[in-house]
């Protein structure tokens, strides 16, 4: 198994914090996933609302990969108990010269602050 050394991990964190490389920080788009949709592989693929991986996720029906009735989301920094967190809730704290990122109230993802350094 390959693991980062403490030194490499610190250098990587510094790079990500200082340069905000979008190719690393952005979630892949659903059409970018190349595999056939498979329930439980923990990848959100075309046609899936959620992919819980384990039947224990209360927001996702593991048999259909669809959100359970009343659920808005199954995972994400802005998803809490199957609901989108309120707009303005901090989902990623500022690092260095960067600014906090906030939930938008309409998605489970944590959008990057457009004014980040």
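Even glycines carry a Cβ here, placed using N, Cα and C.
Copied over from Swiss-Prot, here are the features:
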type	residues	note
DOMAIN	36-117	domain 'Disintegrin'
DISULFID	50-65	disulfide bond
DISULFID	52-60	disulfide bond
DISULFID	59-82	disulfide bond
DISULFID	73-79	disulfide bond
DISULFID	78-103	disulfide bond
DISULFID	91-110	disulfide bond
Mapped DSSP class for residue 60 (disulfide bond), helix or strand or coil: strand
Candidates 60, 91: member of the disulfide-bonded residues with the richest Cβ shell (10 Å): 60
Cβ neighbours of residue 65 (disulfide bond) where a neighbour is any other Cβ within 10 Å: 21
Helix, strand and coil totals (DSSP H, G, I; E, B; other) for the domain 'Disintegrin' (36-117): 0 helix, 13 strand, 69 coil
